[in-house]
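Here the structure comes first, spelled out in structure tokens, and everything after it is commentary.
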Amino acid sequence: MIRVGQGFDVHQLVEGRPCIIGGVTIPYEKGLLGHSDADVLLHAISDAVLGALGLGDIGKHFPDTDEAFKDADSLKLLQHVWGLAKERGYKLGNVDSTIIAQRPKMAPYIPQMAQVIADALEAEDLSQVNVKATTTEQLGFTGRGEGIAAQSVVCLVKSVL
Ligand SMILES: Nc1ccn([C@@H]2O[C@H](COP(=O)(O)O)[C@@H](O)[C@H]2O)c(=O)n1
Ligand SMILES: C[C@@]1(CO)OP(=O)(O)OP(=O)(O)OC[C@H]1O
């Protein structure tokens, strides 16, 4: 059986916050604002996995009104979500994601992000995880550097005998 899910997330860029994307802390003058560590990429992937499972979204599983998730490490949230997939007998088929940001430059950090995601989703091969980045050619809120968006598509597979 194959299940597909997609996720999309946005966080505002502000001064005085770390810039954590895909589990990697990127040196930058601004960081992402959120109730958790605001890791926009891991949130999009978490939502994609939950979508594939038909289990809602991360706001449902980790409400931003709950102090337990204040400054939460989004890698732990993704690991929890992956546990839900495993419990249901799914393995990762593949996951493809795009970070939408004018700055900072993501390319140097993408291999490290892919490894973090592959470990969290227990990929058998690194080729199952793809991370891309794009600017929006200075257009819109991402182009003005006001925020960063990420989107993700995941394919989960379960063998049925
Ligand atoms: N924040 C970003 C945005 C883009 N990249 C890389 O640059 C390439 C060109 O981006 P365009 O938006 O002009 O198509 C793209 O292929 C990305 O690899 C990046 O590293 N960081
Ligand atoms: C992760 C949670 C929970 O700490 O908070 P945020 O960091 O604000 O992230 P968001 O993408 O708005 O969605 C889910 C939230 O409930």
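Quick reminder: no glycine exception, Cβ is built from N, Cα and C everywhere.
What you see is a predicted model, and the numbers here were worked out from it, not measured in a lab.
The 4-CDP-2-C-methyl-D-erythritol 2-phosphate binding site annotation in TrEMBL covers 9-11, 35-36, 57-59, 62-66, 101-107, 134-137, F141, R144. Annotated divalent metal cation binding site per TrEMBL: D9, H11, H43, in sequence order. According to TrEMBL, the domain '2-C-methyl-D-erythritol 2,4-cyclodiphosphate synthase' annotation covers 2-156. What TrEMBL lists as site 'Transition state stabilizer' is H35, T135.
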Would you please pick out, from the recorded positions H11, H35, H43, the one with the fewest other Cβ atoms within 10 Å of its Cβ?
-> H35
Reduced DSSP assignment, T134 (4-CDP-2-C-methyl-D-erythritol 2-phosphate binding site) | strand
For H43 (divalent metal cation binding site), which of these recorded positions sit within 10 Å, Cα to Cα: D9, H35, F62, P104, T135, F141?
-> D9
May I ask which residues of the same chain, at least 6 positions away in sequence, place their Cβ under 8 angstroms from the Cβ of D9 (4-CDP-2-C-methyl-D-erythritol 2-phosphate binding site)?
-> V40, L41, H43, A44, D47, A149, A150, Q151
Between F62 (4-CDP-2-C-methyl-D-erythritol 2-phosphate binding site) and T135 (site 'Transition state stabilizer'), what is the CA-CA distance rounded to a whole number of Å?
-> 29
Check the recorded positions D9, H35, H43, F62, T135 for any whose Cβ is under 6 angstroms from an atom of ligand 2, and report them in sequence order.
-> D9, H35, H43, F62
Cα distance, H35 (site 'Transition state stabilizer') to D66 (4-CDP-2-C-methyl-D-erythritol 2-phosphate binding site), nearest Å?
-> 9
Of H11, H35, S36, D66, F141, listed as recorded positions, which ones have a Cβ less than 6 Å away from ligand 1?
-> none
Which Cβ among the recorded positions (S36, T135) has the fewest C-beta neighbours inside 10 Å?
-> T135
Are there residues of the same chain, six or more positions away from P104 (4-CDP-2-C-methyl-D-erythritol 2-phosphate binding site), whose CB falls under 8 angstroms from its CB, and which are they?
-> C19, I26, P27, Y28
Looking at Cβ-Cβ distances, which residues of the chain lie under 8 angstroms from T134 (4-CDP-2-C-methyl-D-erythritol 2-phosphate binding site) while being 6 or more apart from it?
-> T98, I99, I100
Three-state secondary structure, which DSSP defines for F141 (4-CDP-2-C-methyl-D-erythritol 2-phosphate binding site) | helix
Same-chain shell around divalent metal cation excluding D9, H11, H43, C-beta within 8 angstroms of the CB centroid, reads V10, L32, G34, A38, D39, V40, L41, L42, A44, A149, A150
Tally every other Cβ atom lying within 10 Å of the Cβ atom of D66 (4-CDP-2-C-methyl-D-erythritol 2-phosphate binding site).
-> 10
